[in-house]
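Okay, so here's the structure we're looking at.
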Amino acid sequence: MSFKAALESRQEAPESWSSYMHVVYDSRREPSIGSYDAEKLEAKAREVTMSNHSAFLYVFGSAGSCSTDRANKKAFKKWSFIPKMLVDASDRTLETTLFGVTYKSPLLLAPIGVHGLLNKDGEVTTSRAAAKVGVPFITSTASTRSLEDVAEANGNGQRWYQLYWPRSEEITLSLLGRAKKGGYTACIVTLDTMCMGWRPYDLDKAYLFSSTVLEFKVLRRVLTSEFLSHSTLLSWMRNEHEGDEHEIQMQMLGKNWSRQIHSGLFRTWEELAFVRRHWEGPLILKGILSVGCDGIVVSNHGGRQIDGSIPSLVALEKITADPRIQSAQVEGKFTVLFDSGIRRGSDVIKAIALGAQAVLLGRPYMYGLAISGEQGVEEVVRGILCEAEITLGLCGYSNLSQIWGKKDQIMEKMDIGFYSP
């Protein structure tokens, strides 16, 4: 039986995420991504992108010495589970509720740009895989496919939008309006990329996605998907370069696009109210706890912005230890999401136990996309959720409410784990 046939045979009736393990065994075949092991998956992705200079730098580059990226992953080793025995955890669920909506799992696909570097259909492929698995897809402002195309591919799936806050209010309003029209139900405003981080990987090769010629076709997709697919944006670009020849205009598009989303303009508390006024759904911010937002993503951008930043998991522990945050979460007035460092299903459970209500998965699904396209994304996501549910059960619990915010009940802090390789 083929892998796909085994999967489809088990999709006839609703089953737990852990049933995916039986799908793999029933298929008697290796996954298209090569391995479900996190380190082997990353190694395979490095191998397949090595010849694609732009893709390799984009996926694997981090800020400075990459210490923050490493710390993000090491932080999970500091926590070890304390399993409970002789309890009935036969029937399990990973369901969670965010902003009044029930989701099948606490996993969302993090907003990462330029999927077109890794797959010819870019975010269309990824959003389709997300819908098929049943996890929300967060579309990046730096998508290589338009909001409309991604929404169409996502179909009846759940989708959010991530905003790199443009310098122009007109462009900001246009993007928010299109997201609302396209059925994106929540908006994440990224605030830690007002200017580019110091990235030696890119600097050593003088690589900047928005200005290099090698990925011009991909860049053109970004620009036509976001900057030229709405009359407001097209008008803005024409006014900006009035009188220029077409080719000169196209060469300038990259610089203008980068200038808009990495403008160097650091926004203030007062300015945030502008986005709040023009977005009716849930508004989620990275690291901000006021100005009428509905939640935050505890994140250090996967270690890509500041070298030497504290691990996101450490920040999560500090934030959710605040009684005011705990109270707001319980009352449904505030939502805490987590990002940066998730590589395994056990990581998901640890983040939930530390007080996160959901997690964003980043690089691993991009590895799957690079290796095996839509099927690769699906295998990565299903594998992580399968491990998460199995871990939950083997620890003696049936649902996330039993472990949420109860780190001292289900885990032990082990300093030795933090320093182990």
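Every residue number used here counts from 1 along the chain in the order it is shown.
Here the Cβ of each residue, glycine as well, is placed from N, Cα and C on the backbone.
Straight from TrEMBL, the features:
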DOMAIN    32-413  domain 'FMN hydroxy acid dehydrogenase'
BINDING   Tyr58, Tyr164, Arg199, His301, Arg304  glyoxylate binding site
BINDING   111-113, Ser140, Gln162, Thr190, Lys286, Ser299, 339-343, 362-363  FMN binding site
ACT_SITE  His301  active site, proton acceptor
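This view paints the features noted in TrEMBL onto the structure.
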residue: Pro111; record: FMN binding site; contacts (Cβ under 8 Å, 6+ apart): Ile138, Thr139, Ser140, Thr141, Trp160, Gln162, Ile188, Thr190, Leu360
residue: Gly341; record: FMN binding site; contacts (Cβ under 8 Å, 6+ apart): Asn72, Lys73, Ala75, Phe76, Gly302, Pro311, Ser312, Leu313, Asp347
residue: Arg343; record: FMN binding site; contacts (Cβ under 8 Å, 6+ apart): Ala38, Lys73, Phe76, Pro364
residue: Arg363; record: FMN binding site; contacts (Cβ under 8 Å, 6+ apart): Glu42, Val59, Ile112, Gly302
Compute the C-alpha separation of His301 (glyoxylate binding site) from Gly113 (FMN binding site), stating it in Å without decimals. 12
Could you check what DSSP calls Arg363 (FMN binding site) once collapsed to helix, strand or coil? helix
How many whole Å apart are the CA atoms of Tyr58 (glyoxylate binding site) and Asp339 (FMN binding site)? 18
Inter-residue Cα distance where the pair is Tyr164 (glyoxylate binding site) and Asp339 (FMN binding site), in Å: 17
Mapped DSSP class for His301 (glyoxylate binding site), helix or strand or coil: helix
Alpha-carbon spacing, Arg304 (glyoxylate binding site) to Gly113 (FMN binding site), which is rounded to whole Å: 13
Residue pair Gly113 (FMN binding site), Tyr164 (glyoxylate binding site) - Cα distance, angstrom, rounded: 11
